[in-house]
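According to Swiss-Prot, the features are:
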| type | residues | note |
| --- | --- | --- |
| CARBOHYD | ASN228 | N-linked glycosylation site |
| REGION | 1-33 | region 'Disordered' |
| REGION | 327-355 | region 'Disordered' |
| TOPO_DOM | 1-78 | topological domain 'Cytoplasmic' |
| TOPO_DOM | 100-120 | topological domain 'Extracellular' |
| TOPO_DOM | 142-154 | topological domain 'Cytoplasmic' |
| TOPO_DOM | 176-355 | topological domain 'Extracellular' |
| TRANSMEM | 79-99 | transmembrane segment |
| TRANSMEM | 121-141 | transmembrane segment |
| TRANSMEM | 155-175 | transmembrane segment |
Amino acid sequence: MEEGERSPLLSQETAGQKPLSVHRPPTSGCLGPVPREDQAEAWGCSCCPPETKHQALSGTPKKGPAPSLSPGSSCVKYLIFLSNFPFSLLGLLALAIGLWGLAVKGSLGSDLGGPLPTDPMLGLALGGLVVSAASLAGCLGALCENTCLLRGFSGGILAFLVLEAVAGALVVALWGPLQDSLEHTLRVAIAHYQDDPDLRFLLDQVQLGLRCCGAASYQDWQQNLYFNCSSPGVQACSLPASCCIDPREDGASVNDQCGFGVLRLDADAAQRVVYLEGCGPPLRRWLRANLAASGGYAIAVVLLQGAELLLAARLLGALAARSGAAYGPGAHGEDRAGPQSPSPGAPPAAKPARG
């Protein structure tokens, strides 16, 4: 058949029909490739706004803005942000102080693997990092309504609660052995008094606060290489200034030599200058006296974390309900659409038989 004969047939077949158009995949306003639906909806971690993400996945046009949260859910959202913001600042401050302390000790040539089981500055830095990370996740997750960050925040709070429960159970079960190990810990700190500036600061604060000297008695300082009477240095047979009854000696600054030569004196002469009682018994008495207050603080922290966990769960539920209401079945007009006219090429529908 010639070309001229085929043209009328083609025009008759296509008469009354809309011209065919090439189907193009839907695009979104977000940068990067369109995410898979199962990956994008799994954790709510997409960088796109919810309505834009759903348009990119389904190809449906935008019908309107996403519904806003209810007043109660909005209150929960800002309550999570405001309650975590101070902890974020405190965590970042602790992290900065810990890193600064580690940098100073490194510049002084100090060994980070010192006599303490964990370096105080390293513990401060790690604690600040964990607290600031969890608090910032709660702040940003609530403020930006990001379910991924809110789930991470909830997981962190839950991990804190589990660790605190385990630590509390261990303290209750091992309370007696922990008290018995105090004097041993103090003797280790005395032997390494000059090795670590943080250790020296902590031991000085314990002796000044409890008005004591040594572990069991002031003679425990004989275990220190610098204060031992056999030492050739100028500190031989001496005690640190934190053992002195009046370290300032009515002056403006601490007299570091107030305890020099005290270990050569008898007990009657030494008690006029330094404290003779060790820090083990006063430390045990202090722990027993403050046990109720420490337990109250621990319970308050646990209750606060439990409240944060419940608020995060409430906000996650509200966000999930809003997403389901906005993008569930019938939200885009599929179920609300009226009857559609049949296509020109479709066969006519059969009429019901009359009785």
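Just so you know, the numbers here start at 1 and follow the chain as drawn.
Every residue gets a Cβ built from N, Cα and C, even glycine.
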Which sequence-distant residues neighbour the topological domain 'Cytoplasmic' (142-154)? Criterion: at least 6 residues beyond either end, Cβ under 8 Å.
43-45, 69, 77-78, 80-81, 84, 134, 308-309, 312-313, 315-316, 319-320
Give the number of CB atoms, excluding that of ASN228 (N-linked glycosylation site) itself, located within 10 Å of its CB.
16
Using DSSP, what is the helix/strand/coil residue split across the topological domain 'Cytoplasmic' (142-154)?
11 helix, 0 strand, 2 coil
